[in-house]
Amino acid sequence: MKKILLLSIVFLFYGALSAQSVRSLINEGAELYKEGKYAEAEVNFKKSLDKRNDLFEGHFNLGDAYYKQGRYDEAIQSFKNALSFTDDNFRKAKIFHNIGNSLLKQEKYKESVEAYKNALKLNPDDLETKYNLSYALNKLKQQQNQNQNKDQNKDRNKDQNQDNDKNQDDNKNQNKDNNRNKNDRQNQQQQRQQQQKNQISKEEAQRILEALKDNEKELQKKLRKMQGKPVKTEKDW
């Protein structure tokens with residue numbers, strides 16, 4: 001994948017730039033870019049645009065400098081600005097190629113595919129763009145499969161959570177039933193115990209009553225004996 005994300009670089013100049021300083025700034029920026037000094041190159045390209053904002057080269061090369069610094073949104077904007085200052089299909093194709101690369105770096109595969117397609121419409125023979133398009137399509141397919149798997153996992157997790165919630169509700173209801181049955185058994189046991197207590201009390205009362213009857217019979221018996229026995233009279237001395 002050596003060719004992937006290979007930028008198209010344009011260090012061309014209009015045939016008749018009116019200001020020598022603008023040409024110098026772009027030339028110096030190009031040299032700094034080649035040396036890997038992208039931040040310094042950015043400064044030069046910006047200065048050239050301060051003097052001549054209608055230069056395709058200034059906007060395009062500034063986009064390249066942003067790209068090399070990982071500032072992909074700014075790079076895309078600069079490339080889009082460059083579109084306004086050229087009618088050449090070859091240059092427009094290079095712009096869309098670089099926009100596609102910037103989007104690819106951001107993992108915006110669907111948008112990058114569209115950018116590469118636009119580039120090939122303008123320059124159908126660009127092998128680098130064809131290669132990058134193929135790469136982007138492959139990454140897009142992988143992304144879609146991953147998203148599909150995530151959705152499936154999400155649905156499975158949702159179903160599992162619903163099952164867990166149902167099981168928890170069932171367990172709660174079962175616990176309620178068990179507690180209710182336990183309470184019912186305890187109440188029944190308490191009632192039986194209370195009945196047993198009451199029954200014992202009746203038996204004790206019956207025994208007490210019979211004991212009272214026996215005492216009463218004994219008392220009556222003694223009274224009858226006393227009534228039948230003659231009373232002794234004391235002598236009068």
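A Cβ is built for glycine as well, from the same backbone N, Cα and C atoms used for every other residue.
Summarising the annotation, TrEMBL assigns repeat 'TPR' to 56-89, 93-126. Residues or ranges marked as compositional bias 'Low complexity' by TrEMBL: 141-150, 186-199. Positions annotated as region 'Disordered' by TrEMBL: 141-212. What TrEMBL lists as compositional bias 'Basic and acidic residues' is 151-185, 200-212.
In this model, the repeat 'TPR' (56-89) carries an average pLDDT of 97. Here the repeat 'TPR' (93-126) has long-range neighbours at 5-8, 10, 60, 63-64, 67, 70, 72, 75-76, 79-80, 82-83, 86, 132-133, 135-137, 139-140, 143, meaning same-chain residues at least 6 beyond its ends whose C-beta is under 8 angstroms from one of its own. Residue counts for the repeat 'TPR' (56-89) under DSSP, split into helix (H, G, I), strand (E, B) and coil, are 26 helix, 0 strand, 8 coil.
Each residue in the compositional bias 'Low complexity' (141-150) gets a DSSP state, and the totals come to 10 helix, 0 strand, 0 coil. For the repeat 'TPR' (93-126), DSSP puts the residue distribution at 27 helix, 0 strand, 7 coil.
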